[in-house]
Amino acid sequence: MAVKRTPFIAGNWKMNLDHLQSIAFVQKLAWSLADAKHDFADAEVAVFPPFTDLRSVQTLVSADSLPIAYGAQDVSAHDSGAYTGEISGAFLAALDCRYVIIGHSERRTLHGESDADINAKVLAAHRHGLIPVLCVGETAEDLEAHGPSAVPVAQLRAALEGVDGSKGLVVAYEPVWAIGSGQAATPDQAEQVAAALRGVLTEVFDDEIAQATRVLYGGSVKAANIASFLREPNVDGALVGGASLDIAEFSSIARFKKHVGA
Ligand code: PEP
């Protein structure tokens, strides 16, 4: 059964833009999309600023009723207590975050997050009504040793242990070798893994949830290559790093349908 999934264009700012810069950025992004008459039915647009920006973004989005979603780049597995430096899903929900990125490769490698940690964070996000943008992806060594799908499939299975699929999920396939490298996967590679990930969603949940869940591609996405990924049947959008910090470029990525006539 063919289900219409609204494409999702998500900008991961990483540790860039402070709270004042975030206000100017989101305002200009909204103007840029409005000027171009962006139809949000063509692509939902979301930004993922640093924690310290979220209150400012919330205030702006709410005051101006901007049609831009936002979320955090991480969440604690715990709800409250003696966890110095951590941010609870309850705090993110109080700031009207809709989404939270979980399991980005930089968290897995630089902060040693295990599959079990990521699973606990997905469960924590759901406890607070947040939709996880769950990142999975293989390194260049994994690709060489196991091919493209094995590691992302295993990471997805592990992250979904005990998860209620009806609570909402976005999956982002991000090959680690493609992140920030300027060397994106081919649309064929992205489709092959996205289809395998959707297969896992069917096995773990059911076909209805699998068909409704958006699977993104991430890794060196730009305005020049976004349309080729969105043409693939199982790729429903992009998680964008570097290019999400350039308003014209990010807005152009969100308008992939119009500017390339796709
Ligand atoms: C990312 O960090 O999630 C990412 C995809 O980065 P980039 O677009 O810069 O490759």
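Each residue, glycine too, has its Cβ placed from N, Cα and C.
Note: TrEMBL annotation is automatic and uncurated.
As recorded in TrEMBL:
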ACT_SITE  His104  active site, electrophile
ACT_SITE  Glu174  active site, proton acceptor
BINDING   Asn12, Trp13, Lys14, Gly180, Ser220, Gly241, Gly242  substrate binding site
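In terms of Cα distance, the recorded positions that sit within 10 Å of Glu174 (active site, proton acceptor) are His104, chosen from Asn12, Trp13, Lys14, His104, Gly241, Gly242. In the three-state DSSP classification, Trp13 (substrate binding site) falls within coil. Once Cβ contacts within 10 Å are tallied over all protein chains shown, the binding-site residues Asn12, Ser220 are led by Asn12. Cα spacing between Asn12 (substrate binding site) and His104 (active site, electrophile): 10 Å, rounded to the nearest whole number. Calculated from their C-alpha atoms, the gap between Trp13 (substrate binding site) and the residue listed as 'active site, electrophile' amounts to 12 Å. The number of other Cβ atoms within 10 Å of the Cβ belonging to His104 (active site, electrophile), over all protein chains shown, comes to 27. Filtering Asn12, Trp13, Gly241 by Cβ distance to ligand 1 (under 6 A) retains the following binding-site residues: Asn12, Gly241. Least crowded of the binding-site residues (Gly180, Gly241, Gly242), judged by neighbouring Cβ atoms within 10 Å of its own Cβ: Gly180.
For His104 (active site, electrophile), the nearest neighbour among the binding-site residues Lys14, Gly180, Gly242, judged by Cα separation, is Lys14. Sequence-distant neighbours of Lys14 (substrate binding site) (same chain, 6+ apart, CB under 8 A from its CB) are Gln73, Glu106, Gly241. Residues Asn12, Trp13, Lys14, Gly180, Ser220, Gly241, Gly242 are listed as the substrate binders, and the farthest two of them sit 14 Å apart at their Cα atoms. Summarising the environment of Trp13 (substrate binding site), the number of other Cβ atoms within 10 Å of its Cβ, over all protein chains shown, is 20.
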